[in-house]
Each structure stands twice: as structure tokens, then as C-alpha cells.
């Protein structure tokens with residue numbers, strides 16, 4: 001699938017239905033909350049250094065759930081605190097908020113929440129010193145230019161950059177067949193060529209991402225990137241890649257039951273890559289526009305991940321993966337297998353967790369644009 005197809009067909013499940021991202025993104029929120037102190041400290045330091053009259057903030061890969069506007073609220077409050085401490089006699093800066101995701105994202109779900117967002121903002125400020133906040137959507141891939149030069153002070157990308165711009169071209173042979181048969185991503189059955197293809201695509205994409213943001217950001221601007229990663233050089237571990245291995249096994253289980261065809265499993269390839277810390281740091285150094293201020297590895301405490309009653313970790317993961325992958329799975333396999341697929345997946349995650357822990361790793365990366 002090329003970049004244009006990916007931009008058109010990949011999106012989180014919209015609305016607020018049972019399988020929507022809005023109702024099934026609490027695992028992502030927990031990771032973002034774990035990193036929140038780093039994010040807000042970075043924004044506070046940026047404001048202290050630059051003190052702009054108008055502050056441009058971009059949320060890249062914003063999706064459409066409640067996490068989006070709650071994150072923006074945190075940003076505004078953080079700047080207000082820094083402002084009143086540093087320059088209390090000056091008026092508050094204006095906030096230009098740029099929400100970005102692929103065109104299929106349910107931006108309307110966010111827009112419908114904006115009236116309540118502004119009401120709460122006024123209430124939190126006692127209808128007094130309330131900042132001017134301008135929010136706009138910018139659909140498109142962040143693996144390309146999105147904004148005019150020198151307009152963005154702070155970039156936030158949470159759970160976005162482990163999604164590649166496309167499935168690596170090197171994953172296919174001369175006949176256009178996947179060389180990663182039986183796996184939807186890197187797994188224990190994958191060859192070295194598969195790992196190299198994904199790694200190469202990540203490096204190419206991440207370099208383009210950095211180059212584009214360097215054009216759009218002001219000098220000394222900051223980026224906070226929250227990325228699913230892996231702990232060491234091995235591409236296969238019981239971390240983030242293992243969740244996709246279990247999805248492969250779940251689909252294979254349906255193949256064995258005659259629910260879908262083996263060819264469909266063999267031809268379903270995801271555009272996901274969990275980088276190592278060395279790979280992230282290496283591309284930052286190589287591209288050269290940013291200084292790496294901070295790179296921390298977080299292991300987010302496992303959580304039931306839902307407020308709808310007691311559910312297992314496997315169920316929480318299954319709900320999250322479905323909300324993230326449903327658009328692509330429906331395109332490839334059809335809708336009728338999804339309930340059975342994720343029932344199987346839920347069971348497999350819980351069974352594996354009972355045998356041995358699964359340790360998904362999250363990186364928090366803070367970058368400062370060089371002067």
C-alpha cells in the first residue's frame with residue numbers, strides 16, 4: 001500500500017460507538033499521562049525562554065477521542081501558570097492550536113466538543129483572564145509539510161510516529177508477494193530482510209518528519225514525541241511487537257477454522273515499527289536540525305484500560321487494537337470476522353500474560369530546534 005492509499009484508508013475508528021477510538025484509547029492516555037510531567041515541563045521552559053505574544057501549538061496524530069481536547073487544556077493551563085509567574089503584568093498570549101491527522105480522521109467529533117471546551121475554559125478562569133484560543137484542523141500526513149515556515153513553537157505527537165508512511169516496499173518480492181508470510185508485522189517467524197525493511201522505512205520517514213518540522217518551527221521551539229519502542233537491538237521481544245505477533249496468530253486461528261483465507265493473512269502487512277532508543281537518537285543526530293534534550297524510556301503500568309466494569313488486560317488491549325486497526329482490517333478481511341477475531345485475540349493476550357509478562361516500552365523524546 002503506497003502513501004496515498006495509506007493516507008486515505010488508515011484512521012482511528014470515529015464517533016463514540018462501542019468500538020470507537022474515543023471509547024477505547026485509555027491505554028494511550030495512561031502512557032501520555034505517565035509522560036505528562038515531561039511534556040508540561042518542556043512547554044513551560046519553552047514559554048519561559050521565548051515569551052511569544054502568539055503561541056503556535058501543533059498536535060500531530062491528534063485522533064478524535066477525549067484525549068485531544070484534554071491535552072490542549074493542559075497545555076493552556078501550563079502556559080498560564082508560567083505567564084503569571086514570569087510576566088504577570090503582560091496580557092496572556094493568544095493560542096493557535098493546529099490539530100493534525102490523516103484525512104479520514106473524525107475531526108467533526110472534536111469540533112462538536114468545542115463549544116463545551118470554550119465554556120469550561122471560561123469557567124476555569126472565572127470568566128475573567130481567559131486566553132484567546134483558536135483551533136483549526138490540518139488534515140494530511142506529517143511525513144510532509146503541513147504549516148508555513150516559522151509558525152510553530154511547540155509540537156506534540158503522542159502515539160503517532162511508530163506508524164510509518166507506508167508498508168515498506170522492500171517487503172515485497174518481484175511478483176509483488178509479501179516476504180513476511182504468516183505475520184502482519186515483525187514477528188518471530190520474520191526473516192532478517194523483513195526487520196531491515198521496516199527499520200529502513202522508519203529511518204527514512206523519521207528523517208523526513210524532522211526535516212519538515214524544522215522548516216515549520218521557530219528557533220528554540222520544542223517537540224515532545226511519545227513513541228512505542230523496544231528496549232534493545234532485537235526486533236522481536238515480548239513488548240510492542242509481541243502484540244502484533246498475537247494478532248497474526250489470531251488471524252491464523254481463523255484461517256484454520258475456515259473463517260478467512262490463508263492468502264489474506266499472508267498479504268496483510270502493517271505499517272508499524274517500534275524503534276530502539278539508538279535508532280531514534282541516530283536519526284536526530286544525522287538529520288541535524290534538532291538537539292536531543294531528553295530521551296526517556298517508560299514502562300507504563302498495566303491497567304484494565306476501561307471504565308465499563310472489570311475487564312481483563314487482554315480485553316483492554318483487544319479494544320485498543322481494534323479501534324486503531326479496524327479501518328484497515330475491514331478493507332482487507334471484511335467486517336464479519338472482526339468480533340470473532342478480537343475475541344480470539346483477547347484470549348491469546350491473557351493466556352500469554354498468564355505464562356510470562358508482556359512489557360511494552362514507550363519512549364518520551366524531547367527535541368529543541370537549533371538556532
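Each residue, glycine too, has its Cβ placed from N, Cα and C.
Note that this is a predicted model, so its numbers are computed, not measured.
Residue 102 (S-adenosyl-L-homocysteine binding site) counts 20 other C-beta atoms within 10 Å of its own C-beta, drawing on all protein chains shown. Residues annotated as S-adenosyl-L-homocysteine binding site in Swiss-Prot: 21, 62, 67, 101, 102, 141, 142.
Taken from Swiss-Prot, the feature (11R)-carlactonoate binding site applies to 28, 162, 163, supported by similarity to another entry. Under the DSSP three-state reduction, residue 163 ((11R)-carlactonoate binding site) is assigned to strand.
Sequence-distant neighbours of residue 266 (Mg(2+) binding site): residues of the same chain at least 6 apart with a C-beta under 8 Å from its C-beta are 177, 178, 181, 182. As annotated by Swiss-Prot, Mg(2+) binding site applies to 180, 266, 268, 269, with the evidence given as similarity to another entry.
In the three-state DSSP scheme, residue 67 (S-adenosyl-L-homocysteine binding site) falls into the helix class. Fewest other C-beta atoms within 10 angstroms, among the binding-site residues 28, 67, 141, are seen around 67. Recorded residues residue 180 (Mg(2+) binding site) and residue 142 (S-adenosyl-L-homocysteine binding site) have their alpha carbons 27 Å apart, per Cα-Cα distance. Cα spacing between residue 67 (S-adenosyl-L-homocysteine binding site) and residue 28 ((11R)-carlactonoate binding site): 9 Å, rounded to the nearest whole number.
For residue 268 (Mg(2+) binding site), the nearest neighbour among the binding-site residues 62, 102, 141, 142, 163, judged by Cα separation, is 163. For the Mg(2+) site, the Cβ centre of 180, 266, 268, 269 serves as reference, and the other residues of the chain with Cβ at most 8 Å from it are 171, 178, 181, 182, 183, 184, 265, 267. Across the structure, residue 102 (S-adenosyl-L-homocysteine binding site) and residue 163 ((11R)-carlactonoate binding site) are spaced 12 Å apart at their Cα atoms.
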